[in-house]
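Enquirer: Take a look at the following structure, please.
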Amino acid sequence: MNPEKDFAPLTPNIVRALNDKLYEKRKVAALEIEKLVRDFVAQNNTVQIKHVIQTLSQEFALSQHPHSRKGGLIGLAACSIALGKDSGLYLKELIEPVLTCFNDADSRLRYYACEALYNIVKVARGAVLPHFNVLFDGLSKLAADPDPNVKSGSELLDRLLKDIVTESSKFDLVGFIPLLRERIYSNNQYARQFIISWILVLVSVPDINLLDYLPEILDGLFQILGDNGKEIRKMCEVVLGEFLKEIKKNPSSVKFAEMANILVIHCQTTDDLIQLTAMCWMREFIQLAGRVMLPYSSGILTAVLPCLAYDDRKKSIKEVANVCNQSLMKLVTPEDDEPDEPKSVAQKQTEPNPEDSLPKQEGTASGGASGPCDSSFGSGISVFTSASTDRAPVTLHLDGIVQVLNCHLSDTTIGMMTRIAVLKWLYHLYIKTPRKMFRHTDSLFPILLQTLSDESDEVVLKDLEVLAEIASSPAGQTDDPGAPDGPDLQVNHSELQVPTSGRANLLNPPNTKGLECSPSTPTMNSYFYKFMINLLQTFSSERKLLEARGPFIIRQLCLLLNAENIFHSMADILLREEDLKFASTMVHTLNTILLTSTELFQLRNQLKDLKTLESQNLFCCLYRSWCHNPVTTVSLCFLTQNYRHAYDLIQKFGDLEVTVDFLTEVDKLVQLIECPIFTYLRLQLLDVKNNPYLMKALYGLLMLLPQSSAFQLLSHRLQCVPNPELLQTEDCLKAAPKSQKGDSPSIDYTELLQHFEKVQKQHLEVRHQRSGRGDHLDRRVVL
């Protein structure tokens with residue numbers, strides 16, 4: 001520093017002392033400056049006051065010499081003390097050089113800067129609030145200072161500033177929020193602690209409504225919640241808890257829509273604390289905001305559904321996620337199925353962008369788990385649609401929801417509980433919004449069929465419920481069963497389309513007397529037949545599924561849908577099946593279900609007597625397909641008490657190729673005759689006179705069997721049949737003889753028998769072609 005330079009009104013002694021390396025001498029100089037400035041204040045000499053401050057600032061505080069800078073800092077503090085209440089007029093000039101020293105490399109100098117600013121702020125009190133942002137900015141840097149003394153000094157200044165803000169009603173929150181939003185993304189734990197402490201203070205001040213600006217800082221708060229420091233995480237939990245308490249207290253003023261996507265992101269993070277907290281917030285948002293959250297359903301489901309499959313290690317997250325899922329599902333109502341009103345161009349332009357609710361920070365999406373479904377939605381969170389205003393009607397966007405559900409159902413790595421939840425959602429949507437959901441049915445259908453192969457019975461049951469709802473919903477009824485379900489869907493018609501003309505031929509085979517095979521129950525729609533076709537195609541391509549789950553699936557469908565329609569339609573389809581071996585296997589499966597399942601009790605009773613035209617039509621329809629398997633055809637005749645026709649069929653067995661499989665099925669039929677299902681048949685053996693063809697049919701089966709356990713069983717049963725002469729009483733002899741049950745006049749049994757012969761001939765030809773025997777149709781017994 002140039003000693004010859006004029007520093008007036010500062011005296012040479014003051015200048016010399018300010019430059020001294022000893023603190024005590026600089027302190028003496030500060031007292032002299034304080035006295036000098038007081039005199040200027042008394043004289044109202046603002047020019048000299050400004051000159052003193054400028055000199056201390058430019059020549060000392062911003063000097064290249066460290067001791068001069070220290071002197072300048074203590075001098076500026078002395079000026080502030082001398083100015084007292086008038087210091088507010090000069091705060092900019094007093095504060096700026098001190099804040100510059102906050103960046104000094106010398107830790108002692110940074111400490112003196114803290115001390116000087118503390119004295120300046122202490123005198124000015126509320127007058128410093130217009131300069132709050134620069135003070136906060138400087139303090140946020142010192143909070144992370146490596147020197148403990150500097151940090152201690154900054155904490156004293158920080159507490160003073162908090163007291164001033166707390167007692168003042170003039171704090172500029174609007175001007176402060178941008179700085180807070182920027183600083184909240186700091187990764188330094190001390191800076192984070194500083195930020196959190198300030199938010200806690202601001203939340204506690206009644207006159208400051210920080211809740212209005214929560215969307216600006218919520219993302220940053222959740223990132224701080226993942227800090228490694230236990231104390232910081234605890235502080236952040238307290239802050240978030242206070243905010244949530246305020247939200248519950250006054251939900252009408254909360255900007256739920258602007259924070260929804262932020263929660264969606266943090267509900268997917270790998271940090272358990274962040275995920276649990278975000279999920280708890282999401283639960284409260286859904287319950288408090290209600291349908292305002294519906295436009296964000298796809299994002300919420302993306303976050304919530306995977307959590308439902310968590311194990312006990314994350315039980316808390318799983319439980320909260322389940323509540324979120326259930327609450328969100330309840331928000332969907334039938335009114336969401338109403339047609340969407342077309343939007344004008346002006347409305348589309350004024351709609352907010354969902355990305356606007358996210359802070360524009362690089363770290364926004366950090367920590368989010370990249371799920372297997374992310375690729376379906378592009379980048380970021382842009383797929384979710386934001387609610388425009390609270391007054392505007394809330395629209396449920398099914399496209400995004402269905403895409404998320406389809407994605408999770410397609411993912412084979414996803415947990416069982418998640419898959420069940422997805423299926424529950426689909427079922428719920430088909431119940432509440434069937435018209436809109438049927439636009440997506442063609443895209444959902446393949447994955448729903450594929451889900452039938454799931455390892456979990458519970459998943460398969462829910463899947464069948466969805467498929468049954470699709471097949472029975474009135475919304476699925478279309479004039480053209482092959483028409484696409486939506487204008488913009490890519491549909492694989494080879495799987496679902498059933499041409500109208502082809503279907504008519506399929507349902508009404510030529511030369512069929514009194515036969516109508518088209519399911520006509522009003523609860524069935526055009527998708528019912530598509531479902532049956534695709535289900536049989538699935539069984540055909542996945543024989544293991546048919547073997548392991550076929551009976552289970554069909555029995556459940558008989559409970560969920562009309563059993564008669566299921567058997568009717570499957571018989572129709574199998575009638576045209578080109579794979580004869582599969583047709584035979586499928587008929588055997590259906591027959592076993594028909595004869596043994598409790599779910600088919602009513603259908604068995606309907607077929608038992610063939611009293612109605614409908615039951616006769618059903619019998620004819622089943623019979624034509626049952627012809628793919630000779631033994632099942634006989635069992636169907638036993639069930640329907642067509643004993644004469646059963647006997648005629650057994651007579652035809654002499655012309656068939658008797659194989660081990662054939663004899664095994666005869667064996668099983670004999671075992672079945674001993675079951676409760678055929679109790680009525682066994683009782684009819686007491687009336688041999690009126691049931692001669694029953695006896696002949698059973699003896700025919702006996703003659704087909706080799707000397708096996710089944711042979712012994714049936715033989716013993718027939719030996720128990722009493723002599724009809726011994727059973728006749730005097731009343732019976734006097735009474736007119738009863739005629740046996742006659743064949744129904746509406747059924748052409750001759751034509752049915754011809755059909756049986758035709759089908760069996762086709763089977764024989766196919767078997768011989770496979771074995772390389774060509775047209776050599778000699779009968780061969782394989783034992």
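Note that Cβ sites are derived from N, Cα and C of the backbone, with glycine treated the same way.
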Enquirer: Examine the ranges 474-478, 744-748, 774-778 and name the one recorded by Swiss-Prot as region 'Mediates interaction with the PDZ domain of NOS1'.
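Expert: The range carrying the region 'Mediates interaction with the PDZ domain of NOS1' annotation in Swiss-Prot is 774-778.
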Enquirer: Apart from its near flanks, which chain residues at least 6 from the ends of the repeat 'HEAT 6' (561-599) lie with a Cβ under 8 angstroms of it?
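Expert: Sequence-remote neighbours of the repeat 'HEAT 6' (561-599) are 468, 471-472, 506-507, 509, 517-519, 521, 523-524, 528-529, 532-533, 536, 539-540, 543, 546, 550-551, 554-555, 606, 614, 618, 621-622, 624-626, 628-629, 632, 635-636, 639, 665, 672, 675, 677, 762-763, 766.
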Enquirer: Once near-sequence residues are set aside, which residues in the chain of Thr11 (phosphothreonine), 6 or more away, have Cβ atoms under 8 Å from its Cβ?
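Expert: Expected: Glu32.
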Enquirer: Go through the chain and flag residues at least 6 beyond the ends of the repeat 'HEAT 3' (171-208) whose CB is under 8 A from any CB in it; none is fine as an answer.
Expert: 129-130, 132-133, 136-137, 139-141, 143-145, 151, 158, 162, 165, 216-217, 220-221, 223-224, 227-229, 231-232, 235-236, 238-239, 242-243, 246, 359, 361, 363
Enquirer: Cβ under 8 Å, sequence separation of at least 6 from the ends of the repeat 'HEAT 1' (5-42): give me the contacting residues as numbers and ranges.
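Expert: Contacts with the repeat 'HEAT 1' (5-42): 48-49, 51-52, 55-56, 59-60, 65, 67-68, 70-72, 74-75, 77-79, 81-84, 86.
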Enquirer: Using DSSP, tally how many residues of the repeat 'HEAT 5' (439-476) sit in helix, strand and coil.
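Expert: The composition, in the requested order, is 32 helix, 0 strand, 6 coil.
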